[in-house]
Amino acid sequence: MAQQQQISLPAKLINGGIAGIVGVTCVFPIDLAKTRLQNQRSGQQLYKNMMDCLIKTVKSEGYFGMYRGAAVNLTLVTPEKAIKLAANDFFRHRLSKDGGRLTVFKEMLAGCCAGMCQVVITTPMEMLKIQLQDAGRLAAQQRMAPSVATTLKMGGTSAVLSRSYNSSPAPQVTRVSATQITRELLRTKGVTGLYRGLGATLMRDIPFSVLYFPLFAHLHQLGQRSSEDPSVPFYWSFMSGCLAGSMAAVAVSPCDVVKTRLQSLNKGANEETYNGVVDCVRKILRKEGPGAFLKGAGCRALVIAPLFGIVQVVYFVGVGDFLLGYTPYNIYSA
């Protein structure tokens, strides 16, 4: 069993990468709407809901405006999803005794460790993605109030980081690449600039993994044909991934709102800055009320459900195993 686990690791990495790319491509516009809904403040609402956000985005930025920041995700989602799934598999295997079934606590512990591992990639990926996704919202805010300049509140000014948000008689979303933002952050803030909001990312991803992986494992087990035949139809893997993903996503949605606010370097007019997680939570509660922590929760559920459904189908079908010539096997059969 240990040898099989070791041999199959490259296949698991390929599975996670392929699934992440396919999933992100399908749901990225909804993720963009989520980011913009989470960042807009009460009294400055440009978008009523997800559909209103997507329609206005297409009108003002074109069809590909819905995919701003997608290149960052498509580049980094492969190592992110691969690390997340492979780490969970690794820790489940290590925590099991002689291939025995894991207790719920150990399943949650394995998920916790997987969530901690993935933030190495997730934090900078989300950091860059959010800057690109939110550019259109800030430009639209300027068009509604062109006399009010959008300001950069990050402890200094930067031509590159503020390029997408400058004021003009008819503000447009100036194209700025993730590479330019990365270079500027490294120059002005160092490596820590890419890991802004790390605490909030851990606060979101660890509980998500703690909830998701055990829930998925138990839902998936319900689809086994019999004790003698532990195989599960692919559609059951998809449904299990969708249900577990959406439930875990909604549960940690307040943490996602805090993370998005903290990682947004550029603020519109009259939008406050935050000094850490506690300060962010306090200001949101005082100025926007508890309901603000559920902004974009529906969008996040719509993003995570099909994303993890696709991930689990690719993972359990064993695309990576097939490409490498291995025999697919069920990681949860132990």
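Placement of Cβ uses the backbone N, Cα and C atoms for every residue, glycine included.
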Per TrEMBL, the range holding transmembrane segment, considering 13-33, 97-117: 13-33
DSSP-derived helix, strand and coil totals, residue by residue, for the repeat 'Solcar' (7-94): 74 helix, 0 strand, 14 coil
